Amino acid sequence: MSQTIDLTLDGLSCGHCVKRVKESLEQRPDVEQADVSITEAHVTGTASAEQLIETIKQAGYDASVSHPKAKPLAESSIPSEALTAVSEALPAATADDDDSQQLLLSGMSCASCVTRVQNALQSVPGVTQARVNLAERTALVMGSASPQDLVQAVEKAGYGAEAIEDDAKRRERQQETAVATMKRFRWQAIVALAVGIPVMVWGMIGDNMMVTADNRSLWLVIGLITLAVMVFAGGHFYRSAWKSLLNGAATMDTLVALGTGVAWLYSMSVNLWPQWFPMEARHLYYEASAMIIGLINLGHMLEARARQRSSKALEKLLDLTPPTARLVTDEGEKSVPLAEVQPGMLLRLTTGDRVPVDGEITQGEAWLDEAMLTGEPIPQQKGEGDSVHAGTVVQDGSVLFRASAVGSHTTLSRIIRMVRQAQSSKPEIGQLADKISAVFVPVVVVIALVSAAIWYFFGPAPQIVYTLVIATTVLIIACPCALGLATPMSIISGVGRAAEFGVLVRDADALQRASTLDTVVFDKTGTLTEGKPQVVAVKTFADVDEAQALRLAAALEQGSSHPLARAILDKAGDMQLPQVNGFRTLRGLGVSGEAEGHALLLGNQALLNEQQVGTKAIEAEITAQASQGATPVLLAVDGKAVALLAVRDPLRSDSVAALQRLHKAGYRLVMLTGDNPTTANAIAKEAGIDEVIAGVLPDGKAEAIKHLQSEGRQVAMVGDGINDAPALAQADVGIAMGGGSDVAIETAAITLMRHSLMGVADALAISRATLHNMKQNLLGAFIYNSIGIPVAAGILWPFTGTLLNPVVAGAAMALSSITVVSNANRLLRFKPKE
């Protein structure tokens, strides 16, 4: 028997996620229908709630059974048509929709640590999703679990954690930790290398590293000094390895601890009981333990410094908010801390000020630099009634404005939150690295043991020496750290660089999908064009003059919300408009009504044809206007066509240049519009569009996208984020030209903070560059380990008669991580080609 189960969803961030969950549910034979939004699902069928939840989890998201909720006391004031467009996948932001918590982590050294911490956090009751970022040493946790429970779970897994609620405090603590960590690694590297280098040089020049009766006491002192180095400069490796062992796990620190520990124990055994070893096996490796610890600490220090550079983009955003605001009251003006500013307060801005909160100008004019927020390099003129956003700078002028959004609810705060979430996310390509990392260290230990056994039983004499060298070198050269950093470092740098160009990326998956696109579909109105239609010509027929035709058309359009209506009303200006009775909106056709005793029709040719109004006599004029890219709006009075109003929405100033960039990059460009084919083709020709899909109603846009996808195309849809919601959700990547609007920021896979198609070209270029960088890092890490481990195991011995020195292995290990981080940081200097 069929039943409807209501589920609460978590982890969905855009229309693509909604689509994935819906498809996963509908693929089940026991599901008849699945209605999915970004926060909930209503599923009809015979499947149980547990089965549905498991299906959603397999799709990569979380779900729980919903509890009935009371209906709101007041209905939304959003127009019904907007709600219809948005309801499927694009809910507007709410004041309390951010249930995420951020933790600062310590003690993590490689991708194996990430897996352990993530599993520990996800096992806490109330946690719906946990994202651990090795590059930033942070965790982003979604759900209702308390900070204390989260910290305890991380500590129980053998790592450190600190819950941070305030952004400023988080930044301060993160910087303090980073500086302290770099200082610690620096002195540890100096201490270890100060011992290791002289011992190694002396061994190569003045001694042969072999223990004899004459130098036994000296080597014993060197051994004890090396032990002190291992404790003070490398103690963190051994403590971490011990904690991992207690938790039944193994990490990079386990490999370092085993490699250096075995080398030192062997050397000390030879030092204390040389009689137990044959003469040729009395070689000492104290310098190897000290040098390995020194080089790896040096690598960690350089890596930490490079990681700090990768977070610069986010730090720049955090720097945009001033610490104070200038409050205007009846008593005068005074400076108040930003935390005290509340919505409704009146604030003043003067030249050079940075806007503290979002608001609306009530008095004055000013030029504002919004470059850091939107990527728009040209200052914008703002006056009474215009909105201002936190983080922008007053270049010239003075205004009063009323605060509307403060603290975490400003556009800037939401951007920062979105950037941070994107930097903590993982693309599908990163999941391969995670799977390998989960078993990497145990596999390396097994390889080291097997290699050592082979050399012990089948290798040349002295077997014990070769066995030790092989085991130590294999353990030291293996680097799960490079593997773990490969993806997150590229994501942090790529997402941060995109933000500097005014491009907000919802998650890493969006970057990966955007890098594989081959087709870009544009909504026409407001995307390719200015979105401000203008009446460019009025042609009259019969006995109606231009003023009368314009007056009747404007009277009808008073009741319409269509974009063309505003153009006609603007053209009419201050004309006295007659009263209209019986007004009706005819969807996709136009409007009708009665005025001054006449029956009026205003709309496209299809409307007049449907109402049996002859248009044959004016078809030549209709075609002529349409061929010039204008939309012909026809006016009929008492069943007779009397006027044609040519309405044209001009292309954006940078549309042609942006589309040329996309063409050069190899994308096929498609325009999706409700216009008639003649008008649409004229605009497409002017813009440089390859393909036109015309005459499409709003609810048919998603089907048009689906048709393109059925041809095997990877499709991006560029629209305004509200009217194009179904198409944005259907596309492989939805790109909203949101201009900072709530719905656009909170819902799109990619949001452009400025209304410019150059942002589309920038977004796709950065996506390609980021994925390319990510593949370079992963390939480099795989090649390093694929070649390094066999070489360390002695595969070259039969051909060259040489083995890899453990010290060289330690240097290579440190260098591999530094290389990955440095390569990712190249993205911070990436500039899309013009």
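Any Cβ shown, glycine's included, is placed from N, Cα and C.
Membrane topology per Swiss-Prot: N215 and G459 share a side, carrying the same topological domain name. The range from 284-304, 536-556 that Swiss-Prot describes as transmembrane segment is residues 284-304. Residue ranges 717-737, 801-821 are listed, and Swiss-Prot annotates 801-821 among them as transmembrane segment. According to DSSP, C113 (Cu(+) 2 binding site) is assigned to a helical segment. Of all Cβ atoms in the protein chains displayed, 30 besides its own lie within 10 Å of the Cβ of D724 (Mg(2+) binding site). Cα spacing between D724 (Mg(2+) binding site) and C113 (Cu(+) 2 binding site): 42 Å, rounded to the nearest whole number. Residue counts of the topological domain 'Cytoplasmic' (822-834) by helix, strand and coil are 8 helix, 0 strand, 5 coil (DSSP-based).
Rounded to a whole value, the Cα-Cα separation of D720 (Mg(2+) binding site) and C113 (Cu(+) 2 binding site) is 42 Å. Here C113 (Cu(+) 2 binding site) comes close to G107, L134, Y159, T251, M252, G484: these same-chain residues lie at least six apart in sequence, with C-beta atoms under 8 angstroms from its C-beta.
Counting only same-chain residues 6+ beyond the ends of the topological domain 'Cytoplasmic' (822-834), those with a CB under 8 A from a CB of the stretch are 306, 309-310, 312-313, 485, 489-490, 492-494, 496-497, 501, 661, 664, 761-762, 765-766, 769-770, 773, 776-777, 780.
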